[in-house]
C-alpha cells in the first residue's frame, strides 16, 4: 500500500498517528467485548441475558424420534407417560400422559409414563431463552385489575356447604363402616409417608425411604400438597395442620430444575388451589400465585401452545425428548384450563385465562381428521404431527377438561360445551366399539386404523360421559348415561378377570382377548384411580348400589395385595397369584384413589357436584358462580366505601 504524503506532514509522522489510532480502537473494541461478555458470566446472567435476547430468538427444537423413544422405553410410546398420569417411580415399563415417570399421563405424561420413567427421564433440550411476561410480575401477587379476591363472597355463593350438613356421613352402618376403613387406609398411608419420607415427593414403602424423582423441577413434598384436601375432607385435622405447616415453612418454590408443566399444574397448582378454596388459608393462595407465575414462560412459543418441560428457575422450556418432532401433547396443554381460570380469579390478572383461551382458539381453527383431536401438536407450526387419537394416555384429560370447563363456568362456557359434544360425536362414530362378548370399549385410532385396546387411564371416561349426560343434545341424556354405564362395566370386568381383582395398565379386545392384558408390559397396577373415579360419579348419578359394591371389592383387593408393612405399593402383575411389589406409594393414591373411595361411601352433599368440579388429580375446584360473586363483591365494596 502506498501512503500519500500530506502537506506539512512527514511520511513517518503520518504512519505513527495511524498506528496509535489502530491501537486505541483495538483497545476500545476489547474493552467493549469484555464488558458485554462479563454480563453472561455473572451469577444472575439469565436475567441479564433477557435484556439482550429476544423472547423467540431460538425456538426449542426437540432432538429425539419415535425410534429413540422405543429404545429407551419398551412397549408402546404411550407407556412413556402419555397418559401421563402415572406414578413417579413405578418399577414397570415406561409409559407416557390425572405421566416420563409413572404419573397420570397428562393425566398424561406421568400417568402414561410407567414405572421407571422418572428415574430415566432426560428430555432433549433445545432451549428457548426465558422471558417472563412483564404483565404478570406484580399482578399475580397484588391483583393488578380490580379489588383483591373476596373469599367471603365466594363462600356465600356456594349453593351448599362444601362439607355437607354432617361431613357427608352416611346413615346406614355398613356404608359408614366402609368409609371409616378408607379413612384408616389414608391415615396409614400418611403416617408411613411422614415417618419415612417426610418432605420427599413420594414414599418407597418396601425400603422405607423417600423418593424425589425429577418430574417436579426441584419441588418437594408432592405427597403433602396432593394430600391437603383429602386430609381436610376426611376430618384428619391434626394431619392437615402438619401438612399446612410444612407448606408454610418448607415449600420452596425457588427451584431451578426441569419440571413437567402438566404434573406441576395438576398436583401443586391444583392441590394449593383446592386447599385455599376449602379452608381460606392465605398461605395456599400466596404460594399458588407465586407458582403459577413461574409456569407462564412455557407459553412463549410461536403459537402460544406451551412446551411440556420448563425450568422453573430460568423459565426456559422445551419439548419432551420422546415426543414426535418436538411436539406438545394434547392431554398436557389441554389440561391447564381449570387451574389457570382460577389463577386469574384469585390474582385478578386475566393473563392466565388469556393463555389457555389462546390454546382453544388455535384448536378451533385447525382442521381435525374426522372431527378427532390427534395427540401430538407442533408448538411452532400449530399443525398436528401424528394422527394418533386416544382417550387414554396422551389424550385423556383434554376431553375431561372440556366438559368440566363448561360445568365450572356455571354452564355459561358455550364454546367448551360445543367442543366437548362435537368431540364426543366423533369418538362415538370412530372409536367406540362392542366386543364379541358384548363389552363396550373405546379403541385407539392410528391414522384411520383401529387399535383394539383400552388403557386404565381411559377408564375415567365412564365418569366423564356420565357427568356430561345432562347437557348433551336433546333426547341424548339416557343414551350418554347408558354409554357411561357400559364403559364403567367394561373397566370393572378388567378388574374382575385378574387374580388380584385389580386392573392392568392396559387391556385388549383382539385375538380372543376380552378386557385382558395380553402383553407382559401391560400387566402392572400402580394404585391408579380412574376405575374408582367412574364408580364414584356413576353412584352419584344413578345411586345404583353395584357401584358401591364394586368400590368395596377394590378396597379389599388393595388391602390384600397392595398394603405392606410401611404403606401401600403398586404391583407388577395383576394376574400373578403371588404379587411382586414395585416399592412406590404414588402421591395420586392419596389424592385420588382414596379420596374417590371416601366420596363413594359418603352422602352426596360432601363436595356436591353443583358447586365443585375435580381436576384430573381429584382436587376439587369451585364452580364460578360469576353473577353471584359480582353482586356480593359489589355489595362489600359499597359497604367499605360508606365506612370510609
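From the backbone N, Cα and C atoms, a Cβ is placed for every residue, glycine too.
In TrEMBL, the feature transmembrane segment is placed on 22-42, out of the ranges 22-42, 43-63.
By the criterion of other Cβ atoms within 10 Å of the residue's own Cβ, the least surrounded of the active-site residues 263, 396, 505, 530 is 530.
Counting in whole angstrom, residue 505 (active site, proton donor) lies 18 from residue 616 (Ca(2+) binding site) by their C-alpha atoms. For the disulfide-bonded residues listed here (459, 491), the lowest count of other CB atoms within 10 A around the CB belongs to 491. Distance from the CA of residue 459 (disulfide bond) to the CA of residue 263 (active site, proton donor) is 20 Å. Residue 491 (disulfide bond) sits 15 Å from residue 396 (active site), taking the C-alpha atoms as the reference points. Separating the Cα atoms of residue 616 (Ca(2+) binding site) and residue 396 (active site) is a whole-number distance of 10 Å.
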